[in-house]
Amino acid sequence: MGKHFIRYLCATFKEPLFERFAMRKAMPSLRYLIIFLLSITCFQGFSNVPQEEEGPVSSKEEVDEYIQHHIKDAHDFHLFSYTNDAGERKHVGFPLPVILWSSNGMVAFMSSEFHYDDEGEVIVEKGGSSFVKYHTKIYELQSGTKNLSFDEEHHPTNATRVLDFSITQSVVGILLVGLLMLWVFSSLARQYTKRKVPKGFGRVLEPLVIYVRDEISRPNIGEKHYRKFTGYLLTVFFFIWILNLLGLTPFGFNVTGQIAVTAALAIFTLIIYTFSGNKEYWQHILWMPGVPYLIRPVLAIIELAGAFLIKPFSLMVRLFANISAGHIVVMSLIAIMFTLKASLGVVGATALSLILSFFITLIEVLVAFLQAYIFTMLSALFIGMAVADHHGDHVFGENDDVDDAEEARENFI
Amino acid sequence: MYNLIGAGLIVIGAGIGLGQIGGKAMEGIARQPEATGKIQTAMIIIAALLEGLAFGALFLGK
């Protein structure tokens, strides 16, 4: 009896024991991840402190302007500024290469030549043309002019936009995340040739990969086709998620808050579901069965607009607006310590701002995941609509499609 | 001025909609706890679509 009992015990506890062992092995990685995330979020409160060209930001207008500036892409990493003993304004950050296609051909220089100027005051002369940077956009001055002039709406009048291929902050973010994902996921994939359970940081990634495959890809695309699209969905999920989390670091990344980036991602999804759509998908868009003939063209227009405009537009705007709104809210709450300094006192305003911005940043960590999940989920849903097999869904033929509902009602009565 | 009123109306409408979605999902989960996963997925998708609409309107009306 004892022997059997021990065998039974072994069979019962073998798997939980193994799992507990695996958990213990995975815990340090998880703990490091959590500490890393927390340290990022804590750090932000100190380093996103708004600073301006002339001195520390204090008024509401300056805060608004600073936030507007942060939301846009930038040609350099601007970490912080301070005023030294001699009363000079010093900026700390690092420059990025600027590559322009001007009227005199290709020009390349480092963005440090602008000296963090964003008001069009510093003129850089390179390759026979002179450039100024005004509100994160680079303009080429017309020959003979020495400074930028504006019309009433603050548009430069004597300068033209140039084609800008610069390695901006967003480009750096995209390249960084691309390389990071290539490194981390290829090393994870390589581990499976030697062992069944990955070790190290792979233990954190494996459940996420399986989550995307089993919870997003498989149920929405269908058992038959999901393998082909899981690669894209995994890439887009981790790309958006990591970039959203990078947006919460003090480096000032706002990559998924750039409408160009989200537009490109939405266009990828559009191309994939348009080109993998089967016959039935196109039939249901252009000449849907079971609908009166007169209504079909009207519905076809609506369906076409839905497939080519509304779906990608909603994907694009949702991600862009959520991330931008999140950045604006976090920075506005941080700015409370300047705007409410007069009424609450230094300690009160700082405490209020610290508490509010800490909790809203925690919510933003959740939103970072949620938006990546929703983008992947909706992409999977749209792809699933395009590749779904509708065998047996339409039992009625071409002739009796009009009075189908009537029949059904009669049968019911 | 009218933009701001419109933005406020959008936010009110989206708030009512999100409340409906969340409340009904809660009811559904309370009635059938075993369907929690499916209800949550559907809830998040619909909330995301609503949010997309609200953000789109805010973005265009800004």
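Positions of Cβ are set from backbone N, Cα and C atoms, glycine also.
Look at TrEMBL and you will find B:5-57 tagged as domain 'V-ATPase proteolipid subunit C-like'. Summarising the annotation, TrEMBL assigns site 'Reversibly protonated during proton transport' to B:Glu51. Summarising the annotation, TrEMBL assigns transmembrane segment to B:43-61.
A helical conformation is recorded for B:Glu51 (site 'Reversibly protonated during proton transport') in the three-state DSSP classification.
Across the domain 'V-ATPase proteolipid subunit C-like' (B:5-57), DSSP assigns 52 helix, 0 strand, 1 coil.
For B:Glu51 (site 'Reversibly protonated during proton transport'), other Cβ atoms within 10 Å of its Cβ number 20. Summarised as a single figure, the pLDDT of the domain 'V-ATPase proteolipid subunit C-like' (B:5-57) averages 89.
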